[in-house]
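Written below as C-alpha cells is the structure these notes are about.
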C-alpha cells in the first residue's frame with residue numbers, strides 16, 4: 001500500500017501496530033475489494049433478470065435446422081443460404097440492448113427470407129393458432145405466417161442477447177408487458193406480420209376465436225398490425241371465420257360488437273368485409289379434407 005507505514009509502539013511488550021494512516025488505507029482497500037466483487041458478481045446477474053424466459057435452448061442449431069428442413073420441402077426456397085439466414089438473424093439482436101430493437105435491425109433477414117404467397121391463399125388468425133395450423137396442414141395451398149420460411153424459423157422460440165457482448169442470454173429475456181415492447185421477439189413478429197399483411201391480395205381470410213370475450217381484439221397482432229397493413233389496392237375482401245367454442249353455441253357471433261368494430265375498420269379502408277360462423281370446428285376440418293361428403297352441405 002503506497003504511503004502507508006508501520007509504527008513501533010513503546011512499552012514493555014513491543015508489538016506491531018498500524019498507524020492511523022495505515023488503518024485508513026487498509027480500510028479503503030478492503031472497501032474497494034468488496035466493491036469489485038459486487039460489480040463482478042452481482043451486476044451481471046442483475047442484467048439478466050428480465051421478467052420473461054431466456055433464449056430457447058440450442059437456439060442457433062434450431063434455427064439452422066428449421067431453415068434446412070424448410071428449404072428442402074419447398075423447392076421455390078432452395079436458393080436460400082441458411083448460414084446467411086442465421087447470420088442475419090443473429091445480427092439483428094446480438095450485442096444490442098434487448099429493449100432497443102428496431103424493425104431496421106431485421107431488414108437483412110427480411111430480404112433473405114422474401115417469399116411470394118399466392119393471392120387468395122393467406123390465412124390470418126388471432127387467439128386460435130392451433131386450429132389455424134391444423135387447417136393449413138389439411139388445405140396445403142393456404143398459408144399462415146408460420147407456414148412461411150421466416151414464420152417457421154421463429155415459431156414458439158424465444159431469443160435475446162446481452163448488451164455490448166456477443167453472448168446469447170439463456171437466463172432471461174424481456175417480457176413485452178412487464179419489461180419493454182421493443183424486445184427482439186416482439187419486434188420480429190411485428191415486422192414479419194406487417195410484411196405478411198402487406199403482401200396479401202384478393203380475398204384474405206382470418207380465423208377468430210369466438211369463445212373469447214373479445215373475438216376481435218384491437219390490441220392483438222392481427223388487430224394492431226395486420227388489419228392496418230392490408231393494402232386496399234390489392235385486397236378486395238377480408239372474410240372472417242368466427243370459430244365457436246362448442247356445439248351448444250348457436251349464436252350468430254358475426255353480430256358481436258367487436259366483429260362490428262372490425263367491419264367498421266375494414267370498411268373505412270375501402271376493403272369489403274364478410275363474416276361466417278363456424279359452429280363445429282371439428283366438422284369444419286373434416287369437410288376441408290372431404291368436401292364431397294354429403295354432410296358438408298349443411299351449415300358447419
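Quick reminder: no glycine exception, Cβ is built from N, Cα and C everywhere.
The structure displayed is predicted, hence computed values, not measured ones.
What Swiss-Prot lists as transmembrane segment is 22-42, and the listing cites sequence analysis. Residues annotated as topological domain 'Extracellular' in Swiss-Prot: 43-300. Residues or ranges marked as disulfide bond by Swiss-Prot: 67-82, 99-180, 160-173, 254-275, 287-296. Among the features that Swiss-Prot reports, N-linked glycosylation site is placed at 100, 164, 209, 219. According to Swiss-Prot, the feature active site maps to 119, 201.
Checking the recorded positions (82, 173, 180, 209, 254) against residue 100 (N-linked glycosylation site) with a 10 Å Cα-Cα cut-off leaves 180. Here the candidates are the recorded positions 164, 219, 275, 287, 296, and by Cα distance the one nearest residue 99 (disulfide bond) turns out to be 164.
The secondary structure of residue 254 (disulfide bond), as reduced to three states from DSSP, is helical. Taking the C-alpha atom of residue 296 (disulfide bond) as reference, the shortest distance to any of the recorded positions 160, 164, 201, 209 belongs to 209. Distance from the CA of residue 119 (active site) to the CA of residue 180 (disulfide bond) is 35 Å. Around the Cβ of residue 254 (disulfide bond), the number of neighbouring Cβ atoms within 10 Å comes to 17.
When Cβ atoms from all protein chains are considered, those within 10 Å of residue 296 (disulfide bond) total 16, not counting its own. Its Cβ taken as reference, residue 82 (disulfide bond) is surrounded by 19 other Cβ atoms within 10 Å in the chains shown. Counting every protein chain shown, the number of other Cβ atoms lying within 10 Å of the Cβ of residue 99 (disulfide bond) is 15.
Other C-beta atoms found within 10 angstroms of the C-beta of residue 219 (N-linked glycosylation site) number 8, with every protein chain shown included.
In this structure, the CA atom of residue 160 (disulfide bond) is 19 Å away from the CA atom of residue 67 (disulfide bond). Looking only at the recorded positions 82, 119, 219, 275, the one with its C-alpha closest to residue 287 (disulfide bond) is 275. Cα distances from residue 67 (disulfide bond) to the recorded positions 164, 173, 209, 219, 254 are smallest for 173. Residue 219 (N-linked glycosylation site) sits 15 Å from residue 209 (N-linked glycosylation site), taking the Cα positions as reference. Proximity to residue 201 (active site), judged by a C-alpha distance within 10 Å, picks out none of the recorded positions 82, 164, 173, 209, 254.
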